[in-house]
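Take a look at the structure below.
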């Protein structure tokens, strides 16, 4: 399975901050926002990852992440010139996906929960599509899924004025290779975008879309506004201070997955030793 992180867009809801920097490079407490979706893919066992961003922001991501070798993964880059919709990621990333299945995660979405990585690994050999549902108070801001009495998905809508449920679809999607041709066959919506909801609708119509409600205790945070960005930082800060463990550290995930060894972890830690981040990496070895 290949992975794609979509980190494009102009971040207008965070202007003027994002007039000078990509939203996905902003800090969420003690690390760049992009680390959170990156570790989500890594915990799912995905090592071949393409990051899609704007031509203007691509150099910043490359400076931060490089080719991913220090994390035991392969990171490549592609650009989306205009924010023409989430589904365009599969057209842009077609060569990266090749004949494989693919997971798409949005660069401003944070997922946290017990056993999340183990749960996501189930989709490595997917046939069809798999998306998730999460109860929210303001579903009109998201794609929305409606469930029937037996828990089967009945309908999907993109940012409906009158939602049929409170279940939003978070920015994490798994598909088989058919998604490339499905995305290529889409037409722009009334909003002028190639909608991911339309991709999901095709799979739903074919009876090949699995919709799972995220397990109780799992947190999904969208960081697209000033308040939600601060809420996410507060959430991470509270978790880390109470537990003494950090959240969404790519080096830690790579080390625990066996993709980098102790010496590689030490080398990375030394480069960051002046911050608590580097010290935390060194403490991982002492604890184990």
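Keep in mind that glycine also has a Cβ here, set from the backbone N, Cα and C atoms.
Under the heading dTTP binding site, Swiss-Prot lists 8, 11, 12, 13, 23, 24, 80, 85, 108. Same-chain residues at least 6 positions away in sequence with a Cβ under 8 Å from that of residue 108 (dTTP binding site) are, in sequence order, 7, 23, 24, 33, 37, 171, 222, 223, 224.
Positions annotated as dTDP-alpha-D-glucose binding site by Swiss-Prot: 8, 23, 24, 80, 85, 108, 109, 143, 158, 159, 169, 222. Sequence-distant contacts (6 or more apart, same chain, Cβ under 8 Å) of residue 8 (dTTP binding site) comprise 52, 53, 54, 57, 79, 80, 83, 107.
Here Swiss-Prot flags 108, 222 as Mg(2+) binding site, drawing on experimental evidence.
Per Swiss-Prot, the feature phosphothreonine maps to 12 (among others); the stated evidence is experimental evidence. Around the Cβ of residue 12 (dTTP binding site), 11 further Cβ atoms fall within 10 Å across all displayed protein chains.
Taken residue by residue with DSSP, residue 54 (phosphothreonine) is part of neither helix nor strand, so it is coil. For residue 54 (phosphothreonine), other Cβ atoms within 10 Å of its Cβ number 18. Summarising the annotation, Swiss-Prot assigns phosphothreonine to 54 (among others) and lists experimental evidence as the type of evidence.
Residues or ranges marked as phosphothreonine by Swiss-Prot on the basis of experimental evidence: 197 (among others). Around residue 197 (phosphothreonine), the same-chain residues six or more apart in sequence whose CB sits under 8 Å from its CB are 143, 156, 157, 158, 169, listed in sequence order.
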Out of 24, 80, 109, which has the highest number of nearby Cβ atoms, where nearby means within 10 Å of its Cβ, if these are the binding-site residues?
24
Test of understanding: give the count of other CB atoms lying within 10 angstroms of the CB of residue 85 (dTDP-alpha-D-glucose binding site).
23
Under DSSP, is residue 109 (dTDP-alpha-D-glucose binding site) part of a helix or a strand, or is it coil?
strand
Return one of helix, strand or coil for residue 8 (dTTP binding site), based on DSSP.
coil
